[in-house]
Amino acid sequence: MSGQRFSRPGRSDYKHKKKEHKFYLIMGVDTEQYQGDQVARQPSPPRAADLVTTLKKALFIVGSTTIIFVALRNSLTYHLQHFWGASGNFWQHQWDKILYTFGDDQFHLQVWGTFVVSYVVYWTVGLIYTFMDITAWPPLLRRYKIQPGTNEPVQPGKLVKCILWVNFNQIFVGVPFCVVCHYLFQLRGCDKSPQLPTFHWVLFEFVVFILMEEVAFYYSHRLFHHRLLYKHFHKMHHEWQSPISITAIYAHPIEHVLSNMGPVLLGPLILGSHVATIWLWVSLALISTLNAHSGYHLPFFPSPEAHDFHHLKFNQCYGVLGVLDLLHGTDDKFRATKCFSRHLMMLSLIPPREAYPDYTPMEKVIKGKQC
């Protein structure tokens, strides 16, 4: 104890926390009071117009993904074949090279291959968003922030903790989970052919994957919001009331298995999918959740408004597509806000908050995200 001094938080730290707490109180949320859902909801029956609107949005997401996928498959394949001079089917040629390099060992492909693909995709996309949060550059993109004034810049301590925990989940939780899934695939039986599945079969599988993920994620996510489970597991994820992209799998390991990885791999396990299809699906699922947690509503990207609102209000918008939220009445507050008006893919460069601004009765623009 001789000569030892204990460091005290600086005045700036107190001011920052006080400012952040004040911001969320303005938004109508007290981060300390919410301890999980206390009672069962009594949802009001969804209106026919709301159901039609939600179904249209869900079909638009699935349909636009399919169209983009088809366009990329046709045009990108042609250009790649023309550029590299690959003979035959370009994608099959690339897959043959993977099998030639790493061998046709299903354990290596399903475990280590899935780990490498998911890790590279997660950090390639996630670090682009993180660079924007750390540097506040390019400044033009700040106009697309969903919660203006938050994470500008992101706090270094929270960021380091997030990065370390996400890597723990990916390596020490994700790899053993892939091993278990490998043996489950062997028991169920899966496509082990060196030939890639047909394009039309992959499209069918993706429709099943999306529906299975929506059901599994909604109910597992909502279960972790139960008051008996929330404080032990899911509260960790909600430390980020204004999330950034890489917080997508910042979660308790048990939640990461049951609510993050489980719903994504449920569809491939049921259908016994080819490992290449699994890699593609996992990549798209990761890009989707990274966008949903990014805090940016960028043009021509799927809207992250619903999940961002979930982080802000805690007990709204549990699902991905929004259909089950509507049926269970878990998006009623969200639908009553301007945030819902912004919950669409912006097909212009106008920021959503400028296209659908918040106004007070005195015709003054509200600062922040006071929907």
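Using N, Cα and C of the backbone, Cβ positions are placed for all residues, glycine too.
These come from TrEMBL:
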type     : residues : note
TRANSMEM : 120-141  : transmembrane segment
TRANSMEM : 162-186  : transmembrane segment
TRANSMEM : 198-219  : transmembrane segment
DOMAIN   : 206-330  : domain 'Fatty acid hydroxylase'
TRANSMEM : 264-287  : transmembrane segment
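The highest tally of CB pairs under 8 A with the transmembrane segment (162-186), across 120-141, 198-219, 264-287, is held by 264-287.
Cβ atoms under 8 Å from those of the transmembrane segment (198-219) belong to residues 62, 65-66, 69, 73, 259, 262-264, 266-268, 270-271, 273, 277, 280-281, 285, 318-321, 323-325 of the same chain, restricted to positions at least 6 beyond its ends. Using a Cβ-Cβ cut-off under 8 Å and counting only residues 6 or more beyond its ends in the same chain, the transmembrane segment (264-287) has close neighbours at 65, 95, 106, 109-110, 113-114, 117-118, 121-122, 125, 181, 184-185, 188-191, 193, 196-197, 202, 205-206, 208-213, 216, 248.
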